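Quick notes on the structure that follows.
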């Protein structure tokens, strides 16, 4: 498993400065949830889906934000499967290593100095002339 843009810790969406205002707390909460899930999976040796339960109003509001939900999807998390589920979940299929990589991406969310390339450029085809 790898990010589609390569083995970097800077997720382009997370490095976008517009994502940071108002979402710093929820992003830190999400980072902590991912790290705890990774630790639990290593300690227990078993992977179960883990619900993301927002216990603060700030986190609840973030879970309603379309950009935050898009981020959850990009990280491989899944929305409630049916009316009996209320919370997004960290799927059992995500390994501790994948969860740590996602958490590390979130940790670097608003530090452009740590993400100097900004949004990655698509690779140029050998057939395209250089500009």
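Placed from the backbone N, Cα and C atoms, the Cβ positions cover glycine too.
These come from TrEMBL:
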- 22-100: domain 'Timeless C-terminal' (DOMAIN)
- 112-131: region 'Disordered' (REGION)
- 1-15: signal peptide (SIGNAL)
When the domain 'Timeless C-terminal' (22-100) is classified with DSSP, how many of its residues are helical, how many are strand and how many are coil?
43 helix, 5 strand, 31 coil
Need one number: mean pLDDT over the domain 'Timeless C-terminal' (22-100).
92
